[in-house]
């Protein structure tokens, strides 16, 4: 089946084409494999929903956690939640049945929502990357919670403006069963191809280029800072310092080392998110361009299998983010333990006073311009 309408309404494509409907036995994927992929996708829905919900709850319930960067992370989590709820269940059902049971109009709507929430997530990741660049490289920490909220609102509007034309008919959409989800289809019309290029560039290639340049600059700055701190420590003549001066210098060195360690750890967390985004979305971006421009690829026997793999990989990003948070962010792990019912908490909680004795670095508290990452 295929659904499509033109940008100017001067021609119409066939909305329903029975000849494109595949029987379950005709799909390149065997029934056990389809069911396994669907079950894995259902697990991804559960993990992605619960993990990202915890992020939103932490930021909502704790005023101290409502820094600019944490508001951005909560927005990223919310976009992943909506992607898990609005798109993934229908793809899982279609994987099992090899038929789209929700109509061609809802197919186009689901594809629009898919691109909408993906665009928002990418926009937030891009904003976080630029913010880290300004803080570490340019030493400009101008993003406060108020500005972050304004930028978040603007990103939602921009994501909607870019994704909405796909619902109104600015590109050709393929309805399953040729793919397990409504995807960009092959077209020879220049306007439709131009929109596909715009969409893919906005989702992946432009953000990837900006983030890659930002991270390379950050890596270079962090390396230089580490060398400078090390050289300053080696060049000191402690015999020329008084007792008070020595204590003050040691405090300055400790603070500089702590700030460098904090920024490096925060940057490493964001860098891991960037790597996950790149691995999950590079195949999908190439696949989308080939679908729109290559007739041979689009009508090949392997198109259904390729569609299933790249869609499954793109959804994996929604699960990847909360796993990274749990792995890298101590406050996130602590909040997860606190949110668990008491019957599931195996280890008793250590009082904060004792934690400070065990780990003196816990006295370092982030201000509102720093994050828990």
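Positions of Cβ are set from backbone N, Cα and C atoms, glycine also.
Note that this is a predicted model, so its numbers are computed, not measured.
Of 17, 369, the one with N-linked glycosylation site in Swiss-Prot is 17, while the others lack that note in the record, though it may still apply to them.
Membrane topology as recorded by Swiss-Prot puts residue 73 and residue 148 together on one face. Among the ranges 18-38, 39-59, the one that Swiss-Prot lists as transmembrane segment is 39-59. As stated in Swiss-Prot, the feature transmembrane segment covers range 270-290 out of the listed 249-269, 270-290. Most Cβ pairs under 8 Å with the transmembrane segment (270-290) belong to 110-130, among the candidate stretches 76-96, 110-130, 150-170. Averaged across the topological domain 'Extracellular' (97-109), pLDDT for the predicted model comes to 85.
In terms of DSSP helix, strand and coil, the topological domain 'Extracellular' (171-198) has 9 helix, 4 strand, 15 coil. The list of residues near the topological domain 'Cytoplasmic' (131-149) in space but at least 6 beyond its ends in sequence, with Cβ under 8 angstroms from a Cβ of it, reads 66-69, 71-72, 214, 217-218, 221-222, 263, 266-267, 270, 368-369.
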